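Asks: Handing you this structure, nothing more for now.
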Amino acid sequence: MLTKVICGMHIFFENTKVIHILFFRKGKSYQSSSPSAKAVLSSPSGSSVPRGALDTIGLLMKLGRVRNIVVVAGAGISTASGIPDFRTPGTGLYANLAKYDIPYPEAIFNIDYFSDNPHPFFSLAKELFPGHHCPNYVHYFIRMLHQKGLLLRMYTQNIDGLEKLCGIPDDKLVEAHGSFATAACHLCYTPYPAEEAKQAIMNGNVPICTFCAGAVKPNVVFFGEDLPEKYFQHAEDFPKADLLMIMGTSLKIEPFASLVNTVKSTVPRLLLNRDPVGPFERRPLRRADYMELGDLSDSVRKLAEILGWHTEIQDLMNSHENGLCSSTDPSNSSGENSDSSETDSMH
């Protein structure tokens, strides 16, 4: 690859074609956010076509400009696995809670309401417990980021456990809203065997703390509870990031939503979502911000194809899912029902 500096631009050539333009001034380089000024690809006829968000980010990754990626994800990454998100009108979880006879949808995840009446949550928990669904293409793309040595950390709002199930190691994963993997009394916080808690819930019973007789719940974070200690390592992770990927979240629930604003202003942020959310709703976009709107699974697949990873991801899915899930087809990752603007709101 050859590079040439012309009038404040680094121009990268490959086989005589312009494949990338990086603008700079006063000794600092940046990706221009102007559609006409972003990286361009020259066709054999000499015409220039603006590169889209996926092409630009893919090129930065292939050029080795990106080595520490932080992923921020919400419920939209799991809808292709058959798990409903929370806020989509008509199909989201909050739109289908009438049978639990609760005063308002979020009450089912409110710690004060749970203390008075834990039964609605435990009825829902029977459906939410991990084990009924398989990871999809989006999860395995994130695992591939890890295998390529590019994943600094993944921060997820989800409690479905699919990130771990697809093989993302615990030290690369921050389950910001907890998980079903452990359980404790909601009053005195005495640990309780998670498997015993699951058995009780699946049998329609409320697990009871042997110390104070309070209701035991899985360690998923309710409204009114503190986030897990591991969440606060973001203070170290985000300053190190050289790319932030935001997937399938509405960025409405704090403090998780504010994570995306803690990277340096020069760090590229890529939103893969159904709709613009958070800082991506503002116009014009920040200079280093990129969006690919639409079906999340389709967008991730396109980025994988740009990177040349698609076959590797499919092979990884096939080898890992063999015998892992019997009731769900792991290849069904089209995301037809995915509303990737929605977020898990267990916080």
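Positions of Cβ are set from backbone N, Cα and C atoms, glycine also.
TrEMBL does not curate its annotations; it predicts them automatically.
If you look up TrEMBL, you'll see H177 marked as active site, proton acceptor. The annotation NAD(+) binding site is assigned in TrEMBL to 75-79, 85-87, 157-160, 249-250, 273-275. As annotated by TrEMBL, Zn(2+) binding site applies to C185, C188, C209, C212. Per TrEMBL, compositional bias 'Polar residues' is recorded for 320-330. Per TrEMBL, compositional bias 'Low complexity' is recorded for 331-340. Among the features that TrEMBL reports, domain 'Deacetylase sirtuin-type' is placed at 43-310. Annotated region 'Disordered' per TrEMBL: 320-347, in sequence order.
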Asks: Rank aside, I only need the closest one: which of the binding-site residues A75, T249, R274 has its C-alpha nearest to that of C185 (Zn(2+) binding site)?
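Replies: That would be A75, nearest by Cα distance.
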Asks: With a radius of 8 angstroms around the mean position of the C-beta atoms of C185, C188, C209, C212, what other residues of the same chain does the Zn(2+) site pick up?
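Replies: Other same-chain residues near the Zn(2+) site: A184, H186, L187, Y189, T190, T210, F211, A213, G214, V216.
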Asks: Would you kindly give the Cα-Cα distance separating R274 (NAD(+) binding site) and H177 (active site, proton acceptor), rounded to the nearest Å?
Replies: 22
Asks: Please name the residue among the binding-site residues A75, C185, C188, C209, C212 whose C-beta has the most neighbouring C-beta atoms within 10 angstroms.
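Replies: Of A75, C185, C188, C209, C212, the one with the most crowded Cβ is A75.
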Asks: Name the one residue among A75, S78, N158, T249, R274 whose Cα is closest in three-dimensional space to that of C209 (Zn(2+) binding site); these are the binding-site residues.
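Replies: Checked the binding-site residues A75, S78, N158, T249, R274; minimum Cα distance to C209 (Zn(2+) binding site) goes to N158.
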Asks: Across the domain 'Deacetylase sirtuin-type' (43-310), what does the mean pLDDT come to, as a whole number?
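Replies: The average pLDDT of the model in the domain 'Deacetylase sirtuin-type' (43-310) works out to 89.
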Asks: Looking only at S78, N158, T249, which of these binding-site residues has the biggest number of Cβ atoms within 10 Å around its Cβ?
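Replies: Of the binding-site residues S78, N158, T249, the most buried by Cβ count within 10 Å is T249.
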Asks: Where among the recorded positions H177, R274 do you find the Cβ with the fewest other Cβ atoms within 10 Å?
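Replies: Sparsest of the recorded positions H177, R274 by Cβ contacts within 10 Å: R274.
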Asks: From the Cα of C188 (Zn(2+) binding site) across to the Cα of T249 (NAD(+) binding site), what is the distance in angstrom?
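Replies: Pair distance, Cα basis, whole Å: 32 Å.
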Asks: Measuring Cα to Cα, tell me the gap between S78 (NAD(+) binding site) and C212 (Zn(2+) binding site) in whole angstrom.
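Replies: With the alpha carbons as reference points, the distance is 36 Å.
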